[in-house]
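Straight from TrEMBL, the features:
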BINDING   Cys124, Cys128, Cys131  [4Fe-4S] cluster binding site
DOMAIN    110-325  domain 'Radical SAM core'
MOD_RES   Lys336  N6-(pyridoxal phosphate)lysine
Amino acid sequence: MDSVAAPPPVVRPKGPAASPWKQALREAIRDPAELCRLLGLPPDLGDRAAAAGFGLLVPRGYAARMRHGDPADPLLRQVLPVGEETLEAPGFGVDPVGDLASQGAPGLLHKYRGRALLVTTGACAVHCRYCFRRHFPYEESPKGLADWAPAVDYLAADDSIHEVILSGGDPLSLVDETLARLADQLAAIPHLRRLRIHTRWPIVLPERVTDALVGWLTGTRLAPVVVVHANHAQELDATVAAALGRLARAGVPLLNQAVLLRGVNDSVVAQAELSERLIEVGVTPYYLHQLDRVAGAAHFAVPIEQGRAMVEELRARLPGYLVPRYVEERPGNRSKTPLDSLP
Ligand SMILES: *Cc1c(COP(=O)(O)O)cnc(C)c1O
Ligand code: SF4
């Protein structure tokens, strides 16, 4: 991010200065033993075989929000590779939500009427162990503006589509210049009305919310919507609140989607605290997702009956706008499937 230089002049190293968020990503923790040592935990708590399949990636600022000496910390549990990931679980596969069947063009998923989802990149600021796209063949997806041409053509050819969702991976892993150019191309399609960003960056590495980002996001005729992904109130510290505040002050509606995760947020208290903390930082709870049945994540599963009972209790304790919609993604359905209203 550009800043106005103030006297006295400081001596900078030669060469282009990396933006703070890229630098922070470069310095992120990639070694499970290092993360454990930082937290005062036994260095062998992480599992090598699990980490070999899908590496550990944790920004230092996110690790700083974990409780020292607590192996059951809800943030640590989301990111630490563990042996349970390598166990086979019946019903848990590599394409749990039918993504591969709904590609309208390379990298474009068109499952629901009126909106389509663009897989912009496989890169993320963090590796979440429960991620439903951990086996997605990102190397076959477009990586740059030229590669998105077929997807943009597809969007232009279907005037029933009013909203484009930038997803991934995490779209904010791309640099702002690329995203700004993509936003311009989308804004040139007359029937598009909204640009939605699905991202975990503001939660795990809030330095990513730069002036440049706010600039392109609010700089086209498309109405912006940002859906962040926080699972626990402890993730929402002052640095995150500041980043979200910047987006909110720019007029960007902010929603949250969480995943219901055993040992992370599978209690009424944890869910209520998450909702209350979210609205304090300007974010409205949107979805609480039932875990997608992805191989390696079975140990995070919470039975639907338990989730339903939790949401019912939340409804009794919180105002309606703080109760997320409890949903599951089922291949072939016309929308996410509501779980709280099914018999
Ligand atoms: C989840 C999802 C959406 C968004 O669904 P909403 O209910 O609008 O939030 C859109 N497209 C795809 C392919 C999805 O998986
Ligand atoms: S940030 Fe999102 S896409 Fe990336 S690993 Fe986490 S859940 Fe998956």
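Glycine too: its Cβ is placed from the backbone N, Cα and C atoms.
Curation does not apply to TrEMBL; its annotations are automatic.
Since the structure is predicted, the reported quantities are computational estimates derived from the model, not experimental observations.
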Please check each of the recorded positions Cys124, Cys131, Lys336 and report the ones with a CB atom less than 6 Å from an atom of ligand 2, ordered along the sequence.
-> Cys124, Cys131
Entries of Cys124, Cys128, Cys131, Lys336 (recorded positions) sitting next to ligand 1, with Cβ under 6 Å as the cut-off | Lys336
Which value does the mean pLDDT take for the domain 'Radical SAM core' (110-325) in this predicted structure?
-> 95
Expressed to the nearest Å, what is the distance separating Cys131 ([4Fe-4S] cluster binding site) and the residue listed as 'N6-(pyridoxal phosphate)lysine' at their Cα atoms?
-> 17
Distance from Lys336 (N6-(pyridoxal phosphate)lysine) back to Cys128 ([4Fe-4S] cluster binding site), taken between C-alpha atoms, in Å | 21
Cα-Cα distance linking Cys124 ([4Fe-4S] cluster binding site) and the residue listed as 'N6-(pyridoxal phosphate)lysine', given in Å to the nearest integer | 23
Proximal but sequence-remote residues of the same chain as Cys124 ([4Fe-4S] cluster binding site) (Cβ under 8 Å, at least 6 apart) | Leu57, Gly168, Gly169, Asp170, Ser173, Arg200
Which three-state DSSP class does the residue listed as 'N6-(pyridoxal phosphate)lysine' fall into?
-> coil
